[in-house]
């Protein structure tokens with residue numbers, strides 16, 4: 001650090017010599033190019049380290065601070081480029097205020113894109129503006145007109161713009177030369193400053209001091225299923241209708257019409273691979289299974305195979321492929337589980353011992369969260385001796401294997417206990433083959449880890465929704481999800497329940513609780529999910545205060561009467577229907593909370609930018625008592641005064657009426673229905 | 001873009017072949033290194049494009065989100081490095097909450113630094129924690145103890161830490177081997193988990209998955225004058241005391257004791273170079289000067305020279321050097337103006353016509369802001385034919401020239417009308433020679449341009465302070481300056497007036513207005529400045545409603561009676577004295593506004609982190625009427641209850657007393673003094 005002390009006059013003089021100037025001159029040339037400052041660029045995740053996400057067709061609005069020194073007029077363009085594009089595409093920026101500019105684009109196909117920004121000094125527009133001011137002030141502008149002509153010559157010389165534009169420029173210059181030859185004056189001034197000239201010069205004018213934002217910001221574009229999907233989860237082995245008979249893929253095929261009728265898009269199965277026998281878990285997570293018990297499907301791998309194999313009792317690959325095809329016929333896409341843990345019988349343990357952790361006594365390390373130990377599961381070690389690259393490649397190939405079988409959606413078990421770099425690498429590898437592959441992160445962990453998983457590539461994320469029941473906490477959480485930076489890369493999937501989560505709220509709420517949680521999930525998130533049994537209002541816990549189901553399908557085969565009385569299939573159909581018919585429900589970020597003067601009623605709007613689909617949703621959060629009160633109709637969103645009127649359609653009942661005035665009233669009875677959905681228009 | 005469509009099974013299989021895996025494996029190895037995520041790093045300006053600024057000795061606290069997958073314990077270190085340092089220096093991070101970590105450092109010398117972050121999985125700490133949990137749960141830990149010993153072996157093999165630490169490790173291992181040989185048990189467990197072992201292993205333990213933040217974040221460290229200085233501005237030519245005699249550097253030398261007595265640190269002169277004759281401006285900015293009028297010092301350059309020359313009537317270089325030396329004897333550092341504009345007589349115009357803009361008729365382009373035209377000034381064009389690199393180099397050399405004459409502080413005129421890249425380059429070049437060079441940006445322009453100038457290297461910035469008079473706007477503006485991101489790189493210099501700004505407020509406020517604006521400037525910003533005449537409460541405007549001085553020194557020689565009655569020299573002495581004696585006033589970002597229940601009284605605290613210097617400042621913003629009321633004593637900052645007591649010293653009067661209870665009362669009479677400063681302690 002001694003060098004940074006004040007230089008003596010002698011060393012200073014030396015530094016000014018020719019040698020020192022060589023580096024100085026190189027730095028001048030490098031820096032001088034960026035005369036127009038471009039900063040505060042949004043959206044951008046960690047300075048472009050991770051991609052912003054959009055769905056195909058969805059709008060991406062980029063904004064930035066763009067300015068230069070002095071008073072010259074500037075202009076700017078958003079440039080975008082897909083992986084296979086030969087060149088960048090330009091979209092003009094619009095000036096907002098306070099040196100802020102914005103431009104919007106959308107991308108029509110899934111895949112990787114980049115955007116950046118160029119900006120320049122618009123010499124012709126500056127000339128026109130200055131000349132107008134001088135003329136208005138009575139200054140002689142003869143010299144200015146000559147300067148303007150020189151700018152037109154430079155524009156012609158630069159050759160920018162289309163052939164047609166250059167032709168137009170040629171004609172303009174000929175006309176102007178004639179006017180100048182006649183002595184110039186007002187006619188010349190008019191020709192050079194008329195609207196058409198300004199428009200033409202925007203296309204062909206010289207872009208002086210063309211500057212470029214230094215980062216190419218990555219954008220990942222997904223197909224719609226990544227951001228807008230209704231999931232139905234079931235255990236194939238419980239679909240026979242008989243607890244004594246292991247369900248098969250064919251049993252699942254029989255259930256497809258039923259699931260289609262409810263209106264779901266995605267049909268998701270927990271692991272369908274061979275289940276280990278060593279330390280197999282019994283009913284209700286008993287540490288030892290009785291003879292004949294099926295074990296947990298999450299203990300993957302046995303003598304019958306591993307992650308690239310099917311549990312034999314479910315059926316053959318032919319059966320599975322038939323299921324995939326038939327599901328598609330019913331508008332359903334199959335999602336499977338990608339759970340990296342292994343049973344102690346998994347073939348990898350013998351074939352690739354260097355993918356695992358071995359203890360000094362030669363035993364293998366079981367999964368644990370000390371002092372808890374999961375005896376039916378061992379974990380691979382991603383940094384074990386032979387894991388890099390072979391384990392990573394094999395895990396990637398597992399996903400590619402199922403992709404090959406027609407599965408393009410993967411729900412990933414506990415991704416936060418596996419290295420983030422693995423996910424980043426693996427997801428990128430899969431997407432090179434299929435940019436439509438979708439990964440849902442089942443991470444119920446700390447907020448920053450959940451966000452990181454979304455950053456490294458997950459298309460969808462489980463959320464804290466299951467534990468958010470009060471009005472204030474739902475507002476707070478949804479406001480974060482829809483407006484904080486994470487909205488640019490993390491898309492929640494609101495599951496109302498899962499095989500692991502039997503929400504405490506539902507254990508005492510009765511049927512209205514299931515209806516209201518469904519209403520929230522289906523209208524607050526682009527992606528939402530239901531684990532079968534929910535439609536039957538199943539909620540018996542393993543023990544009081546426990547968040548696990550009694551007699552969970554994770555450890556035994558169950559049979560259900562899917563039409564049992566008290567089911568909420570009609571509610572599910574309703575929400576899945578309006579999700580498809582109402583464009584307002586597609587982008588989860590268009591959420592706006594409105595006032596309902598009752599702390600038990602959550603009230604919010606979802607709308608398209610053009611207001612052509614504008615829904616108001618009210619949900620009573622109280623499953624036990626009638627709730628109601630006054631609320632505000634957001635007349636201001638239509639620029640209407642407080643005494644204005646909107647047409648209303650009650651989407652549940654089909655009734656149509658008019659709300660006149662901003663304050664209206666509504667009432668819920670839990671024995672009817674704890675939600676209301678209105679479509680409003682002017 | 002057609003490539004991104006869904007790959008067919010055939011192409012997929014091909015992609016999985018050996019060729020494709022080569023790239024895949026390279027990407028694994030690259031990504032796998034960063035197993036610990038490091039993100040949300042603060043402070044960092046534009047992803048490290050620009051430097052964070054600190055003064056030598058000032059604290060830099062870096063915070064970041066640091067986490068990894070799974071439940072392993074992690075650790076992290078801030079690494080810092082100066083330009084001449086052989087290696088990085090480590091400072092341990094401390095865990096805060098919610099995966100947030102922080103570490104603080106300071107730098108003792110001016111110059112360029114970098115910081116980054118490393119983080120790793122602490123395998124030994126994880127082992128100790130897990131083993132403790134298992135032991136507490138009654139699990140046999142014999143195998144765990146063996147595993148712990150292996151970790152110690154690995155630590156020894158890695159050789160990390162000092163020689164002493166490795167010696168300690170050797171001793172520890174010998175002790176542990178002995179205990180193990182005796183059968184292990186509790187004594188072995190204790191030895192391996194005692195506090196000293198944990199401490200030692202923090203130094204020598206293996207850093208598994210050592211990960212590094214990808215950006216080396218630049219930090220620029222300044223000498224104190226860049227962030228803490230009291231400026232006094234005067235026109236040397238007006239220091240003779242006689243309007244008929246041009247002042248000289250020797251006249252300025254005579255005034256040094258007077259300026260020292262007021263307590264200033266920096267003595268700043270507007271341009272001292274030869275003044276052009278062509279189109280010279282007369283008194284009160286008259287477009288034509290009378291014979292004998294001195295002209296504006298901002299019209300730089302004549303037959304007598306340019307930016308590297310002195311106006312002959314001020315004196316010789318010998319005189320100037322004497323002034324610099326004598327000023328230093330009086331504790332004053334000389335600052336000069338760097339104003340890039342030229343008079344039409346500047347030697348550069350003939351010597352370097354290719355640094356200027358020429359019009360088609362062969363005339364030179366005057367400075368203008370259409371329809372306004374500045375006839376006595378022409379501007380260089382930084383992008384003209386010969387400007388790059390020669391103009392840029394010459395301008396740099398002008399600064400180096402004056403640096404050589406002992407000037408290290410430059411107030412730069414209108415930098416926002418010159419290219420940002422020029423400043424970035426030039427300031428960096430000068431700092432390579434003298435990291436203590438200080439540049440003050442005189443940019444009164446849009447907020448983002450002002451911030452950009454600070455980003456590209458300016459150490460200090462003029463501000464909007466002169467136009468902020470109401471309590472709400474002062475609070476709002478100061479909150480931005482002291483807490484928004486710009487606080488990391490932009491240091492305001494609160495000038496109370498300038499030759500160009502005769503604030504409207506002062507034109508009607510009378511003496512109390514000058515006192516209160518002084519109080520605000522001196523206690524709200526690290527840097528503040530006074531343009532001579534302010535201490536005499538000069539405020540006569542060129543015309544009613546105009547922000548310019550009548551008979552401005554910019555266009556004529558003035559003479560003043562510096563001891564004229566009604567001056568506020570005592571107030572200036574007071575504030576400059578407490579600025580030096582109270583460390584609380586050094587860092588402008590330690591500002592906290594408190595409640596005074598009167599909208600005309602601004603009330604705030606400034607304090608050191610250890611509270612040893614804790615000032616409360618009250619300023620009545622009303623120069624015309626008595627103002628007073630109740631205010632809150634911030635007892636909570638000392639963790640005192642609302643009925644607690646603090647010792648108080650009134651720094652103005654020297655009185656000492658006690659405030660008991662949170663709510664107290666104060667009163668201001670404009671004919672006394674519109675401010676109060678209290679030093680509080682427990």
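Using N, Cα and C of the backbone, Cβ positions are placed for all residues, glycine too.
Features as listed in TrEMBL:
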type: DOMAIN; residues: A:233-569; note: domain 'Glycosyl hydrolase family 13 catalytic'
type: BINDING; residues: A:281, A:341, A:376, A:414, A:554, A:555; note: alpha-maltose 1-phosphate binding site
type: ACT_SITE; residues: A:413; note: active site, nucleophile
type: ACT_SITE; residues: A:442; note: active site, proton donor
type: SITE; residues: A:500; note: site 'Transition state stabilizer'
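Feature map: TrEMBL annotations on the structure.
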residue	record	CB count, 10 Å
A:281	alpha-maltose 1-phosphate binding site	24
A:341	alpha-maltose 1-phosphate binding site	21
A:376	alpha-maltose 1-phosphate binding site	25
A:413	active site, nucleophile	20
A:414	alpha-maltose 1-phosphate binding site	19
A:442	active site, proton donor	22
A:500	site 'Transition state stabilizer'	17
A:554	alpha-maltose 1-phosphate binding site	20
A:555	alpha-maltose 1-phosphate binding site	21
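Residue pairs drawn from A:281, A:341, A:376, A:414, A:554, A:555, the listed alpha-maltose 1-phosphate binders, are separated by up to 19 Å at the Cα level. For residue A:554 (alpha-maltose 1-phosphate binding site), the nearest of the recorded positions by C-alpha distance turns out to be A:500; the candidates were A:413, A:442, A:500. Considering only the recorded positions A:281, A:341, A:442, A:500, A:555, the residues lying within 10 A of the residue listed as 'active site, nucleophile' on a C-alpha to C-alpha basis are A:341, A:442. DSSP assigns residue A:413 (active site, nucleophile) to a strand. Across the residues of the domain 'Glycosyl hydrolase family 13 catalytic' (A:233-569), the predicted structure has a mean pLDDT of 96.
In this structure, the CA atom of residue A:500 (site 'Transition state stabilizer') is 11 Å away from the CA atom of the residue listed as 'active site, proton donor'. Distance between Cα atoms for residue A:555 (alpha-maltose 1-phosphate binding site) and residue A:442 (active site, proton donor): 20 Å, as a whole number. Annotation: A:414 are the binding-site residues among A:281, A:341, A:376, A:414 whose CA atoms are within 10 angstroms of the CA of the residue listed as 'active site, proton donor'.
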